[in-house]
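Q: Pulled the feature table from TrEMBL, pasting it below:
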BINDING   Asp24, Leu25, Asn26, Arg41, His64, Leu65, Gly66, Arg67, Arg123, Arg160  substrate binding site
BINDING   Arg41, Arg123, Arg160  (2R)-3-phosphoglycerate binding site
BINDING   Lys210, Gly298, Glu329, Gly355, Gly356, Asp357, Ser358  ATP binding site
Amino acid sequence: MSIRTLDDLLAEGVSGRRVLVRADLNVPLDKQTGDITDDGRIRAVLPTLGALVEAGAKVVVCSHLGRPKGKPDAQFSLRPVAGRLGELLGAPVHFATDTVGDSARSTVEGLVDGQVALLENLRFNAGETSKDEAERGAFADQLAAFGDAYVDDAFGAVHRKHASVYDVPARLPHVAGRLVLREVEVLSKLTSEPERPYVVVLGGSKVSDKLAVIEALLPTVDRLLIGGGMCFTFLKAQGLEVGTSLLEEDMVETCRNLLERSSGKIMLPVDVVVADAFAPDAAHDTVRVDGIPSHRLGLDVGPETVAGFSAALSQAKTIFWNGPMGVFEMAAFAAGTRGIAEAITKADAFSVVGGGDSAAAVRALGLDESSFNHISTGGGASLEYLEGKALPGIAALEN
Ligand SMILES: Nc1ncnc2c1ncn2[C@@H]1O[C@H](COP(=O)(O)OP(=O)(O)O)[C@@H](O)[C@H]1O
Ligand SMILES: O=C(OP(=O)(O)O)[C@H](O)COP(=O)(O)O
């Protein structure tokens, strides 16, 4: 990969230079209080930001948060993130209340060497995500004016062809930050001759998003374990009834086709936890997959499934896991996710967890993060990388 790195930039000297850093500070917020519920993505960019601060750069950080619709929307403000970032860096972060307006200009102008500013949410500007190149380019011009160099450390967003990810590096000397480099280094081990058996565990809720990755991974993996909300479309494809479980009816045929071509590599649950409703206190029971009552919905995989999946994982030498096995946010339906996570940590394998919710599950269930070789900050990004798709953010750094 012919990409210049943060070390190359540091070697040139950044003291007194303005360095624009694209980070992915898209952290989950509590819906009621607005508090940050998981600061993993903020911690993940500290190595890059710390190195720039230490080298005396004027550091201008930009990020998106959530999916606001191209105009300011207070619930998606990055202000709380500026506070948390300042605590973690041990120095206040100067927060600009707009992204490229007067506040941003004066905040950037006011920075002294070794200080950090955070611009307001990039997606408060329609130009950030626009499909129109000229509109994106005009916004990229405004952003690029805040930097003498650009660092991409937003691994979670490298699969987005957005102004701050794709167009700004065309306008400034550009390098990859420490997080982006580490993510690509680890994920490339999974695409180039992984040690076998290579077992992939997929769960979560969006079958349609993940079918392409299943298709791409089938020839490469030895075992593909499918749980979470997405398993029900596969169970339906096997001719089973799934009650009121999550089901993507228009994907049933594709799933049937995938099962036929999978040479037995795909393992599906044999038992599931079914509930009366999607609620933490709903009455629930464990049933076999051929006995799901028509009025109930599956919210977790059952203990026999955990045992079967764990046996497959115990043989593995390489593991990639994306997507919770059940609705782990509700204690009654967290056992499957916990069981699989524990099986991964016990396996004598190189293990990678990818996906915002999967990484949050590891932390929320109190599991030891260091038992995994790598916890990726990007869900969509890591899946697209494994699919072998060209990632706009990486391509832009190669140019
Ligand atoms: N059986 C299920 N029914 C409904 N939702 C589920 C089920 N199992 C898991 N989920 C939900 O899937 C969500 C995560 O899905 P997804 O976004 O695809 O994962 P990731 O962000 O790790 O890629 C979690 O919020 C979890 O509650
Ligand atoms: O949370 C993210 O993606 P992820 O949930 O796939 O890990 C990234 O911040 C990208 O956000 P986006 O999917 O709104 O472009």
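Heads up, the Cβ atoms here are built off N, Cα and C, so glycines get one too.
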Q: Measuring Cβ to any atom of ligand 2 with a strict under-6 Å cutoff, which of the binding-site residues Arg123, Lys210, Gly298, Ser358 qualify?
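A: The qualifying binding-site residues: none of them.
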Q: Can you grab the distance from Asp357 (ATP binding site) over to Arg123 (substrate binding site)? Cα atoms, rounded to a whole Å.
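A: Just about 22 Å between their Cα atoms.
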Q: Work out how many Å separate Glu329 (ATP binding site) and Arg160 ((2R)-3-phosphoglycerate binding site) at their Cα atoms, rounded off.
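A: Each residue's Cα considered, Glu329 (ATP binding site) and Arg160 ((2R)-3-phosphoglycerate binding site) end up 28 Å apart.
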Q: Sort Asp357 (ATP binding site) into helix, strand or coil using the DSSP assignment.
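A: In the DSSP reduction, Asp357 (ATP binding site) maps to helix.
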Q: How many Å separate the Cα atoms of Gly298 (ATP binding site) and Gly66 (substrate binding site)?
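A: Rounded to a whole number, the Cα-Cα distance is 28 Å.
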Q: Setting Arg41, Arg123, Arg160 aside, what same-chain residues sit with their Cβ within 8 Å of the center of the Cβ atoms that define the (2R)-3-phosphoglycerate site, listed in sequence order?
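A: Going along the sequence, the neighbours come out as Asp24, Asn26, Ser63, His64, Leu65, Leu122, Ala154, Gly156, Ala157, His162.
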Q: Please name which of the binding-site residues listed here, Arg41, Gly66, Arg123, Arg160, is nearest in space to Ser358 (ATP binding site), Cα against Cα.
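A: Nearest listed residue in space: Arg41.
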Q: What Cα-Cα separation, expressed in whole Å, is found between Asp24 (substrate binding site) and Lys210 (ATP binding site)?
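A: Here the two Cα atoms are 22 Å apart.
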Q: Just to verify a number: CA distance, Arg41 ((2R)-3-phosphoglycerate binding site) to Gly356 (ATP binding site), in angstrom, no decimals.
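A: Gly356 (ATP binding site) has its Cα 9 Å from the Cα of Arg41 ((2R)-3-phosphoglycerate binding site).
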Q: Note down the number of other Cβ atoms within 10 Å of the Cβ of Asn26 (substrate binding site), including every protein chain shown.
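A: Its Cβ shell of radius 10 Å holds 22 other Cβ atoms.
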Q: Going by Cα-Cα distance, which of the binding-site residues (Asn26, His64, Gly66, Arg123, Arg160) sits nearest to Gly356 (ATP binding site)?
A: Asn26
Q: Could you say whether, by DSSP, Gly298 (ATP binding site) belongs to a helix, a strand or a coil region?
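A: DSSP call for Gly298 (ATP binding site): strand.
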